[in-house]
Structure formats: structure tokens, C-alpha cells
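Enquirer: Could you have a look at this structure, given as C-alpha cells, before my questions?
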Amino acid sequence: MMRSHYCGQLNESLEGQEITLCGWVHRRRDHGGVIFLDIRDREGMAQVVFDPDRADSFAAADRVRSEYVVKVVGKVRARPAGAVNANMASGAIEVLGYELEVLNESETPPFPLNEYSDVGEETRLRYRFIDLRRPEMAEKLRLRSRITTSIRRYLDENGFLDVETPILTRATPEGARDYLVPSRTHPGSFFALPQSPQLFKQLLMVAGFDRYYQIAKCFRDEDLRADRQPEFTQIDIETSFLNEEDIIGLTEKMVRQLFKEVLNVEFGDFPHMTFEEAMRRYGSDKPDLRNPLELVDVADQLNAVEFKVFSGPANDPKGRVAALRVPGAASMARSQIDDYTKFVSIYGAKGLAYIKVNERAKGPEGLQSPIVKFIPEENLNVILDRVGAVDGDIVFFGADKFKVVSEALGALRIKIGNDLKLHTCEWAPMWVVDFPMFEENDDGSFSALHHPFTAPKCTPEELEANPATALSRAYDMVLNGTELGGGSIRIHRKEMQQAVFRLLGIAEDEQQEKFGFLLDALKYGAPPHGGLAFGLDRLVMLMTGAQSIREVIAFPKTQSAADVMTQAPGVVDAKALRELHIRLREQPKAE
């Protein structure tokens, strides 16, 4: 081996030992005739000193520049008093260099690594192989590896088998567009890249492999956001003969162990909350419990007022009127309120009413608001008592359809919590349970809230009689307002699966065409089964404090789903297209 140690492994216990390092020159300094090289590798940094008494190595050190690849032989020694660098793991020692071999030279990088400045993301992605040399980026990938190692070990120890499922499969309706792959040997037919291993892992349960896991690549052709990529990694888990409480307990323990091992963070038992409670209190099915603000329903106090903005939704069975108290924010400037009003409009809210509580003892006179005149004093007092308002608070109101109010005030709650730094803790894990089985579309049809293979908490007959009120056996793990993982008990009886398909408007011939293999499998002794899938990229993003999953993926795509480093996607030559039986239509020329 060319090296004896990584730079990040050096410490006082190695003092006096001769070691060999290989890495990149991070920084070169010439101080009073002595040359210092900071050598960097994936594990960290080490300072190497070259003395003019060793002419050959000193001359070689004088010639090297940043990002040269070098091999250094030297002896570990303690740094002189006053020269200890507390910012380096190896900052108490240095290496006295005996030999220096340049393994490769480097041109000047497109951006500096030793004095990292605000470089545009596209430049970083174009030269990702250089960007990943930065210590903070290397640390993220190291932590990602530790996370997957911890998870694999836990699942292996608990009897799970690591089984790979196909990447080339067929298109199934799972909510997003598929990436399609044309078949050369079957003209006119296409494979699809899997959006998840969902159906294959269920078939593994039918086959008797009762504890499965896989760290799986998944693909979705959808619009990108901060936490989305066209290809992403999933920690996929499926079990047989366990109920939802068993699966929740098993995976919660895995996450608790993971955080203890990797971040030395200890979690207690995760609280559970129903979907309905989460939406009413927090306006979200993935509430951030670090934030103490809550939504409070007040429609019963506003259903008789003459102000139609409130009374209309208050008397609408599908409407909602809710309040959000922000403690100590009565001094909020009108310009800030206007900004928040504009913000909630993104979610469909038509306005943002408010009451500033200056002095409650004075009654309506002590309240500052354009809406106070529309609300009887008795109702005002009930509302302020219900939300816990005291002098110095501001109370915001939303009134519209339930979905609009919940999403708008829920998003405002998060924004204000961040703006005013209201978080009460660093980590807040939880479970959300009792999700609706379906969501109703504007035309009265139904869509699966999770996916069509989720089991309901009722019989097929009850489900078809009352689909709008049916609850599913689904559960989501949420951390700091981010969905870490979602899962459910699956349908294991053919009759129930067909009932769900019918409610989703999937006719019998389409059921056979797209899911015939699954329906066939359910006839042959499918066991009760369920599972869960974690988004690995999101998990690593949260654990490293990164702002985007692009920061924790070695070679991510841009927000336009392109790889600027390899220039993918690219044009394919005509011969390859002919072999695939594809002919491209000419794009109409712009006028």
C-alpha cells in the first residue's frame, strides 16, 4: 500500500512514528525558510513541515502547488507550544517531512478549495469531482456511508434479507411520470424504471421471504424541488406476519439507534398523532413539533357575524375558520404583515386577517385590528381565551375551504417559527397515523392518498359504501417537519384489492393489464404483510444540516433534471434510434 495512515487518523499517540501519507496539497505556506504543506485526503487534513536541512524534499516542496497529488514520508511530532490548531483533528501534531514524491500535478482549479467562496451551484456541479474534495462535502459523504452501514447492520441483526429487485420493469400508476426505456428486441414496447420496489417486495412476501430490505434506486420524472431528484435512494423494508405497531416499533428503534451511533443524539419514544389532529393543530400531515405555534378552530364563534368573509366558511361543511397566535409579536410592522399576506396567497388564501392584542383589560379598545368591529365582544373574548392570547401577542386568522386554511396557516406557522426563531428543541421525531384511505377530487372521483396497495381499516363492503370516510392502515415517520418514511399494512386479499381498484376508477380489463401478476399472486396464499420506505437522501440531509439533497448525493442532477458534468441527457445518433425502432419528430420552428 502507498499510504500507512489517512491524514485524519493522525494524533498524539503516533508521536515519534514514521508514517506515509498520500493526498492533495490543500495549502502551501513558506514561513522563514520553512515550508508547510497542508495535505488533505477524504478523512481530514495534516500539516507537514519541510526543513531546508533536507535539501531534496525541501526543493520538491518548494515546487508543489495547490491540488498537486503527493506522497509524503515523515515522522509524527508534537507541534511547538502556541502552534496547536484546535480547528484540526490532528492540530496537536505535525509531520516532519523526509521524502516528498509528486504523483501528479494539477492545473489551477476553477474555484479555490482552501478559501472557499460563494461559487454558483452549476459550476460546482460541472466540476463535481473537485467540489467533492472540499472537507465539508467529503464529511457529508462519509456520514452517508456511516448511516447506511448502521441501517444495514440493524436490519441484518433483526433477520432481514437484502434482496435486489428489477430496475427494468413495466409502467404502473404510482402518482408520478415514469422514465421509459425502449426495448430493441420488442419493437414498440417500453420498460419503465421503478418509482419504488413496491410490487416486487410484496411479491417477495408472497414467496415467503418474510423480512426483506434493500437500499434501492428509484426514479420519478417529476418537477424538482429542494428535496426531490429524478433518481433517489430509498431504504426499502417489508415484513410478513407483523402488524403496524410491530413495524412502527421495529423501525423507530432503528432510527433511535442510528442517531445515537452517528450523531450521539438520544431520542425517547416517538409521539403518535392522527392525521386529523395533525391537520387541525398544525395544518400539515408532517408537523414540525419543534415549533410551539398551533392552529385553533374558531368557526363556532364567527358563524353568526355579518362579516361574510368569516361567516361564509364558518357555515360551510367543507370550510374552516382558524386562528394562529404568535406570542410577543404585536409590535410586528405592517410591512411584515403585508409580506405574510402575500405569502399565504401562494396557498390560495385570499387574505390574512389579524388582531394585535395591546391591552386586553380595555376590551375591544385594547385591540388593534380592522376586523374587531365585526365581532361581538363576547365572541372576541372567547376566541382570545381559546388561543391563549395575552398582551403583546398577535393573532392571525384564515377563513376559506378546509384545505386552503390548513395549508396556508400551516405554512405561515412554519415561516413565522423560522423567522422569529421559535424552535424549542433541535430534533422532534413523531409518527402520523390513521390517514384517510382516499382523497376526493373536484370531479367527485377518488385518488389513493398513499398508493393503491394500502390496506383500509374496514371490509371491502364498508369501503365501497363509504370511501370518503375510510381510514387506512398507513403510518408516516416525521422528523422536524420532513417526512422521513412512509409505510402501511398492505392488501393481501384479492377481493379487497379489486375493490380499491374499482373505487379508483380502474376497470377490470385495466386491472388485469397492469396488475394481473399481483392479483394472480394474491390468489396463492399471500400472507398479511406491510412495510415502510425511508428516503435516504432526505435522512442524510437532515442529519448533516444540508439545505438540499443535492448536497448529500455524490453526483446529483440540477433542478432541471440535467447532469451538467456529463452533459446528460444527450442526443443519440440515428443508428441507435433505428435499432430501437424510434423516429424523432422534427420540432416546429419558432416563428
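From the backbone N, Cα and C atoms, a Cβ is placed for every residue, glycine too.
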Enquirer: Have a look through E277, E483, E586 and flag the one Swiss-Prot assigns to the ATP site that R220, D221, E222, Q229, G535, L536, D537, R538 belong to.
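Expert: When Swiss-Prot describes the ATP site, the candidate it includes is E483.
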Enquirer: Of 198-201, 366-369, 514-517, 530-533, which span is tagged region 'Aspartate' by Swiss-Prot?
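Expert: Region 'Aspartate', as annotated by Swiss-Prot, spans 198-201.
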Enquirer: Measuring CA to CA, name the entry from the recorded positions H31, G82, H450, R490 that ends up nearest E222 (ATP binding site).
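Expert: Answer for the nearest of the recorded positions: H450.
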Enquirer: Identify which of the recorded positions H31, R220, H450, R490, R538 has its Cβ surrounded by the largest number of other Cβ atoms within 10 Å, counting every protein chain shown.
Expert: R490
Enquirer: Between G82 (site 'Important for tRNA non-discrimination') and H450 (L-aspartate binding site), find the distance joining the two CA atoms and give it rounded to the nearest Å.
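Expert: Just about 60 Å between their Cα atoms.
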Enquirer: Ranked by the number of other Cβ atoms within 10 Å of their own Cβ, which of the binding-site residues E222, E483 ranks first?
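Expert: That would be E483, with the highest Cβ count within 10 Å.
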Enquirer: Any idea what the model's mean pLDDT is for the region 'Aspartate' (198-201)?
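Expert: Averaged over the region 'Aspartate' (198-201), the predicted model reaches a pLDDT of 96.
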Enquirer: For L536 (ATP binding site), which residues in the same chain are close in space, meaning a Cβ under 8 Å from its Cβ, but six or more apart along the sequence?
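Expert: Spatial neighbours, sequence-distant, of L536 (ATP binding site): R144, I147, T148, I215, F232, T233, Q234, I235.
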Enquirer: Quick one: of the recorded positions H31, H450, R490, which has its CA closest to the CA of E483 (ATP binding site)?
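Expert: Comparing Cα positions, the candidate nearest E483 (ATP binding site) turns out to be H450.
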